[in-house]
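So that you can see what the record holds, here are the features copied from Swiss-Prot:
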type	residues	note
REGION	1-203	region 'DHBP synthase'
BINDING	R30, E31, D35, R142, N143, G144, H145, T146, E166	D-ribulose 5-phosphate binding site
BINDING	E31, H145	Mg(2+) 2 binding site
ACT_SITE	D331	active site, proton acceptor
ACT_SITE	R333	active site, nucleophile
Amino acid sequence: MTDFQFSKVEDAIEAIRQGKIILVTDDEDRENEGDFICAAEFATPENINFMATYGKGLICTPISTEIAKKLNFHPMVAVNQDNHETAFTVSVDHIDTGTGISAFERSITAMKIVDDNAKATDFRCPGHMFPLIAKDGGVLVRNGHTEATVDLARLAGLKHAGLCCEIMADDGTMMTMPDLQKFAVEHNMPFITIQQLQEYRRKHDSLVKQISVVKMPTKYGEFMAHSFVEVISGKEHVALVKGDLTDGEQVLARIHSECLTGDAFGSQRCDCGQQFAAAMTQIEQEGRGVILYLRQEGRGIGLINKLRAYELQDKGMDTVEANVALGFKEDEREYYIGAQMFQQLGVKSIRLLTNNPAKIEGLKEQGLNIVAREPIIVEPNKNDIDYLKVKQIKMGHMFNF
């Protein structure tokens, strides 16, 4: 269906809030399957029967870690060998059920799981409902239907649990595109992707919090250092602020990814240290601005992997080829945390100090107003000239050499 458009995440959340079933698909390079999803509070016999009739897959009950602990739902196996590490617990039935398999009795079990008064002794195992424990952090940590189900229930203001069921085609194989799209249209069912849900959360969830503010005298001048911590990962970042950023005027700003070798060791294999110095100097001269120092070593692959990439570069690969050879994308960085840091600092619009078009696009996607790009001008040396040319040719970096 070439003219098909996925639903808005807001519409999917509202449908979940109203007790409806929606369709959610994951990535093509993962399961590439669609699941029916609804909230556990609306695990009615009708919804379960619909999933069993049209989905024909295993009806599971994704739950938060808190619910699993409260009800003492233990992992199904000691060693999880599932291809995607789906976190099955022991299967359960509520003690008020008979066989537990009918749509009506599975409804009882699912709804009792989210009952405020539920306790571990209310359930027996094995049973006919299959709880799955969602990762803390949801789809931003694991892009599975388990996490999507719990995230959607939470975003809808409901208990952090739901139902999900894989969808099989009439021939018994898993239904994929475009048949999933056709089904959604025929049943007037909201249909979103997990990627959409990830993007929605990055834009709307509060994913970073400010911890402290302290004076930071530097060789460039005096700045204020604002410390931040990511809510999900605990990763720490710093904003170096000069002057008042909250007056509504556009702010000279830079996102600088941590580079221990360039920033601290003075390595000439990259231009990171020079870019940091140039940005600090320019902001000091202007008397107002901010540098976000993000812990994204090696374009997001980490220090050790960056050094491993250097080894491959010494054997003839370029910086992009080396990252890919190690199993990474050419650039693993994302900028939604940086965008939220800008927002918490009161920054409304920026003149972005960068040569990297991906930073511009990444911040714009988060709704940040970038009024201009200010180039970072550094002189290449014999050790980094080839590296910079590769970034220019393969990654679109905007250099003037």
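Cβ from N, Cα, C; glycine included.
Known features from Swiss-Prot, placed on the structure.
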residue : record                              : Cβ contacts under 8 Å, 6 or more apart
D35     : D-ribulose 5-phosphate binding site : L23, V24, T25, G55, G57, H145, A148, T149, C164, C165, E166, I167
D331    : active site, proton acceptor        : R299, G300, N323, A358, M395
R333    : active site, nucleophile            : S257, L294, Q296, R299, G300, A358, G362
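Counted over every protein chain shown, other Cβ atoms within 10 Å are most numerous around H145 among the binding-site residues N143, H145, E166.
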